[in-house]
Structure formats: structure tokens, C-alpha cells
Amino acid sequence: MDIQREARGEKCKPRKLKNFMSIKTLLVFINCIFMAVGQIAGVMLVRIYFLHGGKRKWLQAFLLTAGFPILVLPIAISYAKRRKAKTETNRVILTPKLILASAILGLLFCVCSYLYTFGMSYLPVSISSLLASTSLAFTAIFAYFFVKHKFTHYSINAVVLMTFGSIILGLHMNGDRPKGESNRQYVLGFVMTIVGAALHGFVNAGVEYSHIKAGVVVTFDLVMQMQFLICIFSTLFCVVAMIINEDFQAIHREAGEFRLGQNKYYMILALSAIALQIMIIGNLGLIFSSSALLSGIVNSLLVPVQQIFAVMFLPESFNAEKWMALAMCLWGFASYFYGEYKASLKVTKTKHATQPDQV
């Protein structure tokens, strides 16, 4: 068939390049789904915890990475496949440099988790979800300095649109203020959320930078092992903070006073840990399969989606400002992906021009 096409003067597409692009696209899609499920469900569950009497902020920060044992399953499956294939990579592939980077990123992620949960304890989902949009701008800035990520007018357009969308939401932040909450608590929660967003952007760019400076081939196995370590270090740092804050002693008492009941209290904690770990898998997986900037774009796209779920399941409203923010986020997301599509076409054409025809 290829010979007949060659006889007609048609060029044969490099199959390896085509397969690579399809696998990469599939990974991006799967990780986007993980981020969507984890971020929407996780944030909703954390907010429900605080709305019905939960007060332990370090406990919620701990739950953000406490689900790391889930990662044992994909790591074990990958290990078994390599062992069956008798490959030379049948071992832990993290270097001392990557272990140190994982420890530092784990500490930063621990602080970031606490800032997020602090903001969610005082802010409604429609406002606390601002962190996703503002983290995009910080991710873009840090990615530019750390990994020299080149901007196009499509990606700049996406950043600007989503940032303005978050500003529009911020202008209406008093509308869903919880009853009995002071101005000081509300402002403090908002500030802590923005600081958490900045740190989140720094961590995203730091993960991508560690991949570039790894000194070894960055594979899916290496990314999973590094993510496992980051989550372990973050969880350990949170455990230390919980011991100092005496959170472990307070869990049983808080469960008994929880307004939805003790059983639902523990169920919410367990489901939060699972959902938030799925979110982290999607976030770091997206950085591996694409870039930190795309991770920030997807985070921002999920902001208005969280608004919709908050209106459906929580006592929050969805007004004209939020509809406008939704439209701007969707517009920005479409702009970014159109730019990526054009860039991939350009790369494919370059590959076809430089590689000999495969017959």
C-alpha cells in the first residue's frame, strides 16, 4: 500500500511520530480528567467539612497528599511489566538529586496545602476557587524564568482572559459570605488563598524544572516515583504540624460534634483524601505529558465548573458575573488549545520535511 502511494508521488507519514503524538494526546486527556474529578470533588468535600463544623486546617492539608498509597498500584504494575520484559530499568530510578528536589517540593507543597485549606475554611467555593485562576498567572511567570517556556499570543491571550475572569469573580466576593464571619477572617482567607496560588505556581514550575535537570531520561515511571516521594514528604511535614497543633487528639471529639454525624465525618475525610490524590496525579501527570502552563490552564478552566457544582450542592448563587467568568475561561482555554494545535502541526510538518519517506 505504501509502495503504491509512493508511486503516486504521495509521502508516507512517519508511523512512530504519529503513534507518539497519539499516546501523548491520550495522556493529556486522561490527566485532564483526573484533575477535573479530583479538583471538583476534593474542593467540594473540603468545603462541606468546614461548613458543618470542621475546624482542623492542618488535617485538611494532610488529606491533600495522605492518599499517596494509591500510587503504589500503578508503580507496582509498571514494575511487574518491566520485570516480565526483563528490561534494565527494573529498579528504582530516582537519583539523589531528584530525591532532594522531591523533599523540597514536598515541603513547599505542604505549606501550599495549608494556605489553600485556610482560605477554603473562610471563603465560599465560588471565591476560594479563585486560586486556580490566579495560580495560572504565577505558573506562567515562574515557567518563563525556570524552564524558558516560550509564550505565543494564544497562550498570552488565555492567561489574560482567565486572569480577568478571576478578577470579575473577585468583584462579587461579598455576595456569598458565610453568616457570622468577620471582615478580618474573610480578608485573611482571601489573602492566604492568593499566597497559596503563588506558591502553587512556583511548585508547578519547580516540578517541570526538576524534570529538565533530572540528569536521566524522564519516563512515566520516574514521574510516578517522584510524585510518590513528594507526597510522602508533604504528608510527613503535615503530620509534624498536626502533632504540634494537637490535631490527632481533636479528631475523635470533632467527629462527635460534626453536624452531619460521625460516620459521614469519617467518610468525608476518606473521600477527600482519595479525590485530592487523584487531582495531584492529574496535575503532575499533565506537567510530565505537556507543561506546567497547561496544568495552570486546566486549573483555571475548572474554576467556573466548580461554581456550577457549588450552586448545585452548596448554599451559593450563580450570578451574571460568574457566567461572564465562565465564558472568559472557556474562551481562554480554547485559545490555548488552538495555539497548541497549530504548534503541533508545525512540528509535524518539520519532522516530515527532515525525515526520509518511509516505504
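Heads up, the Cβ atoms here are built off N, Cα and C, so glycines get one too.
According to TrEMBL, the transmembrane segment annotation covers 21-46 (among others). Counting only same-chain residues 6+ beyond the ends of the transmembrane segment (21-46), those with a CB under 8 A from a CB of the stretch are 60, 63-64, 117, 120, 125, 128-129, 132, 268, 271-272, 275-283, 285-286, 288-290, 294-295, 298-299, 302, 305-306, 309-310, 313-314, 344, 348.
If you look up TrEMBL, you'll see 58-77 (among others) marked as transmembrane segment.
Sequence annotations record features per position, and here TrEMBL assigns transmembrane segment to 98-116 (among others).
Long-range contacts of the transmembrane segment (122-147) within its own chain (CB-CB distance under 8 A, at least 6 residues past either end) are made by residues 39, 43-44, 47, 116, 155, 159, 162-163, 165-166, 169-170, 173, 176-178, 181, 185-186, 188-190, 193-194, 196-198, 200-202, 204-206, 208-209, 212, 291-293, 295-297, 299-300, 302-303, 306-307, 309-310, 314, 316-318, 322, 329. Look at TrEMBL and you will find 122-147 (among others) tagged as transmembrane segment.
The feature transmembrane segment is assigned by TrEMBL to 154-173 (among others).
If you look up TrEMBL, you'll see 185-207 (among others) marked as transmembrane segment.
Cβ atoms under 8 Å from those of the transmembrane segment (228-245) belong to residues 56, 58-59, 61-62, 64-68, 71-72, 75, 94, 99, 102-103, 105-107, 109-110, 113-114, 207, 277, 280, 284 of the same chain, restricted to positions at least 6 beyond its ends. If you look up TrEMBL, you'll see 228-245 (among others) marked as transmembrane segment.
The annotation transmembrane segment is assigned in TrEMBL to 265-286 (among others).
Marked as transmembrane segment by TrEMBL: 293-314 (among others).
Long-range contacts of the transmembrane segment (320-339) within the same chain, counting only residues at least 6 positions beyond its ends with a Cβ under 8 Å from a Cβ of the stretch, are 126, 133, 152-155, 157-162, 164-166, 168-169, 171-172, 294, 297-298, 300-301, 303-304, 307-308. Per TrEMBL, the feature transmembrane segment maps to 320-339 (among others).
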Could you give the residue numbers and ranges of same-chain residues that sit at least 6 residues beyond the transmembrane segment (98-116) on either side and whose C-beta is under 8 angstroms from one of its C-beta atoms?
57-58, 60-62, 64-65, 128, 131, 192-193, 195-196, 199-200, 202-203, 206-207, 210, 214, 222, 226, 229-238, 241
